[in-house]
Amino acid sequence: MAVRSRPQLAFQTEKENGIGITAFNETAKLYANVVEALDAQRLRIFDSVAGSLKTEYILEKEKVISCIAWEQKPLYASEQITTDISGSGEILVLGTNSGEILIYSEHLGSLTRTYSFGILQKIIGAHVLANDGFAIDITGKVVCFSVNTGEVRTSFTVPSSSREFSGLYLSTVFKNLALASSHNIHIVDLNHRNPIDSLTTHTSMINSVVFQYLKDENKFYFGVSANQDRFINLYSKELDGTGEFPTNTVKNVGALVCENEVKMLSIAYEIENPETGVLAALTNDGTIEMFENPWLSKLRQNGTNASSLSHRRKLLTSHSTLKICFCRSRGDPPIVLESIAFESTDSLTVVWKESTRTVFETVPWRILSSQATNGLIELVRSKTRLTSKNKTVSNVYDESNATISSGVMQKDLRKTEEIGSAEAMEGEEQEPSLAERLQNLTKLDQQAQALSTQISASTSLSTVLTQALKTNDQSLLESCFNNNNVETIDTTIRRLDPSLAPILLDKLAEKLALRPMRADVLMVWIRCTLITHGGHLVLVDDLKHKLANLHSILEDRASKYSSMLALQGKLDLVLSQIAFRKAGGSKDNAEDEEPISIYYEGYEESMDEASSTGDEGYSSDDSVDNEMYSDEENSSKGAFPDEENENRELSEDYSGDESLENSESE
């Protein structure tokens with residue numbers, strides 16, 4: 001038999017009310033969710049049967065998804081979507097904070113259409129039924145458009161006293177019938193662009209709506225749940241069978257009560273036998289409460305009139321017939337589930353997160369109902385190895401979540417100074433002898449050799465690093481970070497548990513901020529960690545906050561790179577010029593140059609005597625200049641014979657004086 005499953009479609013982001021942006025398709029075989037990455041959101045689609053990731057798509061940085069929904073198959077005749085949009089597979093509709101609507105093809109693995117109408121704000125509900133597309137923004141503005149052409153068919157605003165809306169729900173049985181939700185429920189005829197009925201259902205924002213059509217009664221039933229509310233209000237609306245929707249025909253037929261606040265609803269029923277419907281409510285604590293035949297109240301079942309109003313309310317209120325929860329061991333709190341959806345009226349698919357893994361399980365709830373104890377089924381599911389490690393890591397990481405923006409942490413400096421001063425005072429009070437100092441030095445050398453031998457092995461280094469990260473042992477971390485062997489660092493990081501990568505990066509950021517001069521070694525650790533465990537890091541929740549310290553430090557260092565590079569260029573230029581001069585780069589030119597002046601001892605006195613003899617027109621400066629020429633040049637100019645004789649006598653006197661000095665020295 002064909003089964004219609006109506007899984008809940010999420011409309012709020014996780015930051016708003018704790019509900020993630022998730023959606024099951026109608027068969028509950030495909031599951032989509034949106035996760036936060038470093039700088040952009042990621043759309044991930046899973047095969048819930050195999051429990052594996054099927055496709056992943058990285059959205060543009062400026063696009064922030066606010067709601068998602070799978071394509072629904074209407075029961076009425078309609079035009080189909082072209083294959084260039086759907087890729088002969090199912091499509092996913094995504095609404096953004098900027099008012100855009102994106103169409104993602106699961107078969108093609110890419111965005112095939114983007115619609116921007118310019119009149120919508122933040123999209124809180126978007127649906128596609130064949131070629132008919134529908135969207136509503138947070139202010140209640142509704143747009144109906146053609147998926148194939150993108151043409152707007154109609155647009156209007158739902159009148160409401162509420163400032164914000166929470167979703168839009170389309171009927172697959174009746175064309176142009178929709179329910180818009182805020183604090184109230186507005187039944188809207190999309191063809192006439194006006195609300196048929198408006199109901200005040202809850203005091204808080206509605207988070208889930210499910211509905212079912214009973215052909216025998218010609219009634220349209222729907223159930224409504226809201227945030228911070230344990231009650232699920234049930235309503236019915238009579239139809240006239242002419243294709244029109246009469247007004248003022250909505251009645252309250254009862255309420256379903258859960259033990260905790262309702263997170264989402266899901267309903268399944270057989271088309272050929274719609275009275276065998278079953279409704280599942282997921283509560284905030286992770287418990288699933290099952291309601292069989294939810295529209296059949298005790299008052300209708302007994303067929304009697306209540307004697308009082310309180311008795312009537314009691315008959316209209318129903319509690320769950322079965323509760324299902326997943327736990328680590330008997331009696332433990334339930335595991336918080338992310339979403340649920342009916343695969344059939346007898347089986348339910350649930351999904352929850354374990355660290356970065358998404359876990360799926362199909363629960364044959366009708367078969368397990370015979371094993372219930374006091375109406376409760378506890379399914380024990382132990383943690384995986386990765387999850388158990390993540391739990392320990394999370395505790396260690398939370399103990400050292402100090403934010404480092406830049407510079408040196410003054411707190412650590414004060415601690416270091418206090419320790420140093422305390423040790424100094426203690427040393428002054430009790431100073432060891434020379435023999436004790438020698439013994440201590442010998443022990444320290446032996447310990448250093450043993451530690452270096454241990455650290456040199458990559459396996460031992462990986463073990464030491466894991467232990468240091470789990471116990472937050474600073475001395476062990478320091479011994480690991482002192483290793484600057486690239487091969488050892490790379491092998492150690494490869495053998496490190498991926499769940500410890502965020503903690504390692506945080507510790508490296510602290511070391512880098514405290515000791516910037518160790519950047520050469522620490523950057524090798526950071527680079528190897530990002531390369532080896534980058535695939536795991538992008539799947540870590542709230543990664544931006546966890547790596548904020550590292551990002552701030554690296555950004556601060558990168559901002560100084562251009563100025564330091566310019567300074568390095570100037571220093572290289574100056575140093576190269578100095579080296580060139582020291583190496584005697586101008587020796588060749590120096591050999592060719594003539595001396596500026598030549599000085600002869602006793603020459604000036606003889607020139608004074610010559611000038612006093614009355615040689616007019618010839619100065620001592622001219623004699624010095626003429627002396628700098630060779631004998632050939634002087635003869636060509638008609639040199640003075642008296643001066644030549646005087647020069648010859650001076651040279652003889654000079655040589656005689658020199659020989660006299662040599663003899664005296666001997």
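A Cβ is built for glycine as well, from the same backbone N, Cα and C atoms used for every other residue.
Fair warning: this is a prediction, and the values are worked out from it, not measured in the lab.
Pulled from Swiss-Prot, these are the features on record:
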REPEAT    14-56  repeat 'WD 1'
REPEAT    60-114  repeat 'WD 2'
REPEAT    201-246  repeat 'WD 3'
REPEAT    259-301  repeat 'WD 4'
REPEAT    316-362  repeat 'WD 5'
REPEAT    495-535  repeat 'WD 6'
REPEAT    570-609  repeat 'WD 7'
REGION    603-666  region 'Disordered'
COMPBIAS  618-633  compositional bias 'Acidic residues'
COMPBIAS  641-666  compositional bias 'Acidic residues'
By a Cβ-Cβ criterion of under 8 Å, what residues six or more beyond either terminus of the repeat 'WD 4' (259-301) are in contact with it? 1-8, 10, 18-19, 207-216, 221, 223, 225-232, 234, 236, 253, 312, 315-316, 318, 320-326, 333-337, 339-342, 344-345, 348, 350, 352, 365
Sort the residues of the repeat 'WD 4' (259-301) into helix, strand and coil with DSSP and give the three counts. 7 helix, 20 strand, 16 coil
Along the repeat 'WD 4' (259-301), what average pLDDT does this model show? 85
